[in-house]
Amino acid sequence: MLPSTIQTLTLFLTSGGVLLSLYVSASLSYLLYSDILLKFSSTKRTAPTMSLDCANVSNVQAVNRSATKEMTFLLPEPEWTYPRLSCQGSTFQKALLISPHRFGETRGNSAPLIIREPFVACGPKECRHFALTHYAAQPGGYYNGTRKDRNKLRHLISVKLGKIPTVENSIFHMAAWSGSACHDGREWTYVGVDGPDSNALIKIKYGEAYTDTYHSYANNILRTQESACNCIGGDCYLMITDGSASGISKCRFLKIREGRIIKEIFPTGRVEHTEECTCGFASNKTIECACRDNSYTAKRPFVKLNVETDTAEIRLMCTETYLDTPRPDDGSITGPCESNGDKGLGGIKGGFVHQRMASKIGRWYSRTMSKTERMGMELYVKYDGDPWTDSDALAPSGVMVSMKEPGWYSFGFEIKDKKCDVPCIGIEMVHDGGKETWHSAATAIYCLMGSGQLLWDTVTGVDMAL
């Protein structure tokens with residue numbers, strides 16, 4: 001017996017007496033998805049011209065061999081992405097290790113690329129693991145110079161998250177010694193910076209097309225955030241900065257839509273030095289960023305950007321848990337929240353990600369276990385409160401990388417589940433071979449899942465002497 005939900009569609013195609021009947025079965029289903037309405041576009045398709053050999057075929061009187069018919073189909077358009085509530089969980093666990101140089105004896109196209117500054121960005125269907133390569137592999141004969149931050153060979157590359165960034169796996173997006181990327185729900189936006197220190201250039205690529213540029217405004221190493229930009233409703237927000245590594249470096253935000261810059265945002269507040277921000281959505285209205293001050297303080301500059309008004313303000317985090325490296329003892333900086341304290345010269349990019357819940361918000365941070373060296377990485381959390389005014393200590397939540405292992409840059413990102421977003425933090429674990437040999441990185445990833453305590457730290461398993 002046929003179900004009552006079966007509909008019969010009879011399509012008559014008449015071409016010299018040809019009659020075809022098509023029966024299409026359709027079941028009805030309904031999907032409630034985050035209050036976002038699925039949009040449809042009307043797209044015309046033309047049936048291809050076919051040459052039909054109808055010899056010895058009964059019930060056919062005549063055939064027009066060049067007949068074409070126009071049909072209109074309704075095809076769904078991909079939706080812009082919006083931040084959603086985080087998936088349930090109360091702790092982070094080790095999710096993934098990408099340690100390319102465990103395969104360092106492999107040669108040819110399967111050889112691992114020499115990389116640094118890795119980060120992850122996610123679209124609705126996949127996450128991609130990005131990095132900046134020196135256009136060299138290990139093993140190989142081009143190790144010299146792979147410890148340098150900027151040169152003419154560096155490129156922004158990516159692989160699907162979980163793949164090893166080898167020569168054959170990697171997509172080379174553009175020449176760049178600083179980079180970012182994000183997905184607006186329909187397409188990838190890629191950002192790369194290169195050029196001379198005194199006149200660097202930001203380049204933007206949307207899908208496969210190179211779409212826009214932005215020139216240096218302080219003529220002192222224009223650079224971007226080395227982590228994912230953030231998109232909402234088709235608008236993507238990118239942090240950039242330009243200025244001295246040991247002095248003034250004022251940041252800006254670029255509002256980008258379909259690969260083209262549509263607005264510049266100039267933050268107010270404590271703007272002396274802000275770089276390498278790790279940003280995410282606190283809500284549908286606000287992007288928050290934990291950044292690096294390489295000149296004046298071990299506190300993190302904290303940005304709040306209102307996406308409704310396109311305004312941004314920066315203040316220092318007030319917590320007595322100082323997140324930069326090097327840093328003084330926790331709680332040792334006296335005075336108001338805007339006090340710089342000592343040991344402010346130098347710094348490191350820090351991990352930061354939001355846990356959005358119906359009744360509260362969690363802010364997760366990472367910092368090195370060492371106060372002076374890029375060694376180890378620990379996870380911290382603070383629920384609710386205001387990072388600008390809350391002086392309480394952050395709660396330690398587990399060791400992701402022990403003091404025996406390298407912990408360099410860290411970053412945040414969110415994986416798109418069917419109905420919620422999974423917050424994650426990634427850690428760059430650098431194999432520092434000095435100037436004489438290769439200099440590259442592994443990536444450790446921890447994500448919110450389940451309850452209990454963070455159970456295990458990560459090791460790279462790489463011996464550079466082998």
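Each Cβ is built from the backbone N, Cα and C atoms, and glycine gets one as well.
Reviewing CYS337, CYS420, CYS424, the cysteine that Swiss-Prot connects to CYS87 via a disulfide bond turns out to be CYS420. When the recorded positions ASN144, CYS229, CYS337, TYR409 are compared by Cα distance to CYS289 (disulfide bond), the shortest distance belongs to CYS229.
Ranking the disulfide-bonded residues CYS87, CYS122, CYS127 by the distance of their Cα atoms from the Cα of CYS318 (disulfide bond) places CYS87 first.
Cβ-based crowding with a 10 Å cutoff singles out CYS277 as the top-ranked of the disulfide-bonded residues CYS122, CYS127, CYS236, CYS277, CYS447. Nearest to CYS127 (disulfide bond) in space, judged by Cα atoms and limited to the recorded positions CYS87, CYS182, TYR409, is CYS182.
Each residue contributes its Cα atom, and for CYS87 (disulfide bond) and CYS231 (disulfide bond) these two points are 19 Å apart. Around CYS424 (disulfide bond), a 10 Å sphere centred on its CB holds 25 further CB atoms from the protein chains shown. When the recorded positions CYS122, ASN144, CYS182, CYS420, CYS424, CYS447 are screened for a C-alpha within 10 angstroms of the C-alpha of CYS231 (disulfide bond), the residues that qualify, in sequence order, are CYS182.
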